[in-house]
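For reference, the structure discussed in these notes is given below.
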Amino acid sequence: MQLKIMPKKKRLSAGRVPLILFLCQMISALEVPLDPKLLEDLVQPPTITQQSPKDYIIDPRENIVIQCEAKGKPPPSFSWTRNGTHFDIDKDPLVTMKPGTGTLIINIMSEGKAETYEGVYQCTARNERGAAVSNNIVVRPSRSPLWTKEKLEPITLQSGQSLVLPCRPPIGLPPPIIFWMDNSFQRLPQSERVSQGLNGDLYFSNVLPEDTREDYICYARFNHTQTIQQKQPISVKVISVDELNDTIAANLSDTEFYGAKSSRERPPTFLTPEGNASNKEELRGNVLSLECIAEGLPTPIIYWAKEDGMLPKNRTVYKNFEKTLQIIHVSEADSGNYQCIAKNALGAIHHTISVRVKAAPYWITAPQNLVLSPGEDGTLICRANGNPKPRISWLTNGVPIEIAPDDPSRKIDGDTIIFSNVQERSSAVYQCNASNEYGYLLANAFVNVLAEPPRILTPANTLYQVIANRPALLDCAFFGSPLPTIEWFKGAKGSALHEDIYVLHENGTLEIPVAQKDSTGTYTCVARNKLGMAKNEVHLEIKDPTWIVKQPEYAVVQRGSMVSFECKVKHDHTLSLTVLWLKDNRELPSDERFTVDKDHLVVADVSDDDSGTYTCVANTTLDSVSASAVLSVVAPTPTPAPVYDVPNPPFDLELTDQLDKSVQLSWTPGDDNNSPITKFIIEYEDAMHKPGLWHHQTEVSGTQTTAQLKLSPYVNYSFRVMAVNSIGKSLPSEASEQYLTKASEPDKNPTAVEGLGSEPDNLVITWKPLNGFESNGPGLQYKVSWRQKDGDDEWTSVVVANVSKYIVSGTPTFVPYLIKVQALNDMGFAPEPAVVMGHSGEDLPMVAPGNVRVNVVNSTLAEVHWDPVPLKSIRGHLQGYRIYYWKTQSSSKRNRRHIEKKILTFQGSKTHGMLPGLEPFSHYTLNVRVVNGKGEGPASPDRVFNTPEGVPSAPSSLKIVNPTLDSLTLEWDPPSHPNGILTEYTLKYQPINSTHELGPLVDLKIPANKTRWTLKNLNFSTRYKFYFYAQTSAGSGSQITEEAVTTVDEAGILPPDVGAGKVQAVNPRISNLTAAAAETYANISWEYEGPEHVNFYVEYGVAGSKEEWRKEIVNGSRSFFGLKGLMPGTAYKVRVGAVGDSGFVSSEDVFETGPAMASRQVDIATQGWFIGLMCAVALLILILLIVCFIRRNKGGKYPVKEKEDAHADPEIQPMKEDDGTFGEYSDAEDHKPLKKGSRTPSDRTVKKEDSDDSLVDYGEGVNGQFNEDGSFIGQYSGKKEKEPAEGNESSEAPSPVNAMNSFV
């Protein structure tokens, strides 16, 4: 029994407080966290804890062990039935029962046969409280029969024909695993053309000449007995008619070859299954495997579809080059018609497979153990489902309930047994059996009626010590039936504790949330029920906290000096104190420079490595405090160092005492250059294996001039020597003479030996090969050996060339192997190698994580929990779990755009994880998958969850429009991320005086459905600052700010001597805002009407963006300004403002940088200079016409008329009154899109393709600039480039600017 107490807590009130102790509905009666002495007296019905599987296939070569274990009080006795009758084990000398359990051991290794003990076994565990029964265990010995002998004729067929090589393995138990190999035990390659069917046959859609071989061998592996049987080899010869001589070809017909299929190109036909339709039945939870293999030329490709729905994306697996469709964890919803389509260039054919999914019984609610007190009520519920629906039957103590002794306290209602007013005699074990034609479920659940007086399990006189101002928890673990009530008392004769300062937990623990000195004392716990009372005393002591009186301080010291840190601690005198010093949160270095003296840490001869954080940690048995300080080390004032140099290289190298594995090298040292030589470094070159590369051999003292060197066999050595002093290393000496050592067997084996599978059915053994230096002789090879770790198989070995891997085929999936790799050469073997463990290839996990739960922490964070998958289903190394999650749509349904899936991976065996960065008020979906080295397993069922509302973002924009004398109108766009349902807007504003001081703040609430609001009764000519933000139920969002000025009072600007009504005031106005742009700059000009003494400023930014305006102040009262550093080809927004005593005015425009200069159409038709210029143009044209007329009258040949017709001057074209060329601009006109050939495009730029002439044409390309006064630089210089023909096809009137340029 496992007692589960919910971790609730409740305040004590006056009077008794009932406390649960105990056994409420227990999931299992196997894990009871109670005192062992209590368990010795607690009566409990038996419960089966371990049993053999229902379908128990045994190895006939080993003893039979049929497991049955159970627990109960008193310990249960065991009995067995075989094939429905009592099995008397005493009459069979080969059968024994394991002591203390019901497990049967049948000794067939000494004598007897496994077949004798085939049958259906059932175990019964019984004590005075009832009887529990096991499942029906069907015992069958495994079988691995030999292949029947058969004579296989060679097969000869033409290239392009189809072929089926039958396997037909012997029927074994369990069925064998089939694979095809050659006589070298190498897997035969498979492809879309050649593949193995589910029945083991090898199918060729069409054969090729390279398919010719004499060793097509089918193997059957019986995993249970670890045996492999093989079929006789099949010989296949593929020929073509062209290869036959004319005589044979003339007398040979297609029917004399294997099969009847033509060798010519042909549409697909199915080799398996046959016909146009077939049926398939599968059980729920299994893997549904559907197969279609077709022949044809060219090779057909297989496609799959479900007629009445989509294939389940996360559970569908394609295998065998898509010839096999598998659906994992098949359910009733997967029933239906599946179609496979075979297609090649000559046609297509399809086959329909009708799938019906049935279901063995599975639990909806399995019955749970029930523990009751006398007189209580309870229920046992047994609910299962299946297809067909299972039948529910009840047994009590292993006997059908219909014939069991009657119990007046129980009532059977279908799948439920109702108990009322139970007594101790009502204790029993009930069995629920749910069965249909595909299987059964059997569950034991006991009803245990107990009557026990209260017992307190906490040891008496337990002493609790607690630091003051911290919580104190006093335990009172208890047990009893019926449920006892718990009371606490303080002092020998104190009354029950019921003040608010105490908290009583349901497990009996008394909590004092903030313990004080006066909490010290003796506390008594009392447990009562109708059968008795129990009490226990515990003691509480309150201790003073530990604290650091003097903390260490930050220090900066020079290298080589000393530093001291002080740490004074005060603590409760009754507790022992230990003070520990740490450096960078680690123990102090084991260096005598660090000394601890009482309250001080002293560091002598400080070095740079001593820099860091030093922490003083004061510990008592009850608490711990710490304080830290940083030490910084600086360099002392440097002093000049003497000049030294590295040694000269050694010379006169000589080899003596030349043996097989050693040689003596001697040399003469070079000059040490005023610094003694401390050592010599000897290097060698292997001229045979790695010429030109020098390797470290050894080092000797600087006083030596000879060295005895150890050598390896089969190496052509050269040596060189370098001298080292305090300055550095010398240049190498000249190389010595070469010395070749004799060959011998290897003295070491390869390293880094590993065994990992690249496919589910192989084992790739890799190692780091020996280099030439380590080979010790010619003919280096490796002996690779392997066997399964779990089993008694002999080692399998193979000798391979000097490579770094070997692939073992036909292995079971993810099985541990023992591996060893031994080196050998022509001289012999290396020592016996070490054995390492590897694993055969991994396969994708089969099972999805179950019981996925989502706990939404807040609007942007969720916690996901799941149950781990069974280790056997992982089929590989567990890498972790992966969560796919995505937002399907906003909860407010305002955002339905597709969101990409996000992935979070949690390493290892974690069963929970956090999803950060979620969007508030959104609808999310997730699933969980287990990951191994091969990849991901199937996804768990999708889980959906919603995030709560969050605070909104700032409103997207805020504009102040239509300023008047006493009002301003605000317009805004809602937040781009509302993160919930907007409840209202808040507007706060305050005036700003001339000294930039802020006035009183006004707070205003605005309904959420508004996007415009007018503020009235404001002060005239006053600047206001506005703060604006949105709100949801979660709170207020970020604010957006803006400033605006009400217009000036018109009466206030009249001259003092003019009465009202005599002189009309003129409102300040900015007009004709012009933006002339080049590639990276623009010239902004405008006209201003209004009072003098104003300050202008220019604001600009990228059009359409939400970035803030960039502001530039205009010096003086100029009406132009140059913007620099702009991005080419970019549309900009610009506005010009004027601020003065008369208030605030502004004007806006949009321009675009680029090769065409941007210019807004200027209203110059009413300008005097323009009218004069037009008159001069007209006069010159008139003079030109008169001259031409005179010359023509004189008989001249100048073709004026033809030239005029060919190049009509746009300046003499009539101007239409309705084209607005000389009219005033209206708001509507400014925003109308212009047609091709119009004066100005809609974005207010002059583009080359829209006008015959442009300012750029008369400037220096795109580099035309402007003077400070706004005039053009280089406007009239250079030649005009040739324009496209369509540029002169516009029939509309030219712009005044173009007219001026044409004239010039």
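Cβ coordinates come from backbone N, Cα and C, glycine included.
Asn1083 is the residue among Asn1083, Asn1288 that Swiss-Prot labels N-linked glycosylation site. Listed in Swiss-Prot as the disulfide partner of Cys340, from the options Cys292, Cys382, is Cys292. Considering Asn673, Asn858, the record held by Swiss-Prot lists Asn858, annotated as N-linked glycosylation site. Rounded to a whole number, the C-alpha distance linking Cys432 (disulfide bond) with Cys476 (disulfide bond) is 38 angstrom. Calculated from their C-alpha atoms, the gap between Cys382 (disulfide bond) and Cys123 (disulfide bond) amounts to 22 Å. Cys525 (disulfide bond) sits 41 Å from Cys616 (disulfide bond), taking the Cα positions as reference. Each residue in the domain 'Fibronectin type-III 4' (954-1051) has a pLDDT score, and their mean in this model is 90. Helix, strand and coil counts under DSSP for the domain 'Fibronectin type-III 4' (954-1051) come to 2 helix, 53 strand, 43 coil. Under a cutoff of 8 A between CB atoms, and with a sequence separation of 6+ in the same chain, the neighbours of Cys68 (disulfide bond) are Ile48, Gln50, Gln51, Ser52, Phe78, Trp80, Thr101, Gly102, Thr103, Leu104, Cys123, Ala125, Ser134. Sequence-distant contacts of Cys218 (disulfide bond), defined by Cβ-Cβ distance under 8 angstroms and a gap of at least six in the same chain, are Leu165, Cys167, Pro169, Ile178, Phe179, Trp180, Gly200, Leu202, Gln230, Lys231.
Checking each of the disulfide-bonded residues Cys292, Cys340, Cys567, Cys616 against Cys476 (disulfide bond) by C-alpha distance, the shortest gap belongs to Cys616.
Same-chain residues at least 6 positions away in sequence with a Cβ under 8 Å from that of Cys340 (disulfide bond) are, in sequence order, Leu290, Cys292, Ile302, Tyr303, Trp304, Leu325, His350, His351, Ile353. For Cys432 (disulfide bond), the count of additional Cβ atoms within 10 Å of its Cβ stands at 24 [all protein chains shown].
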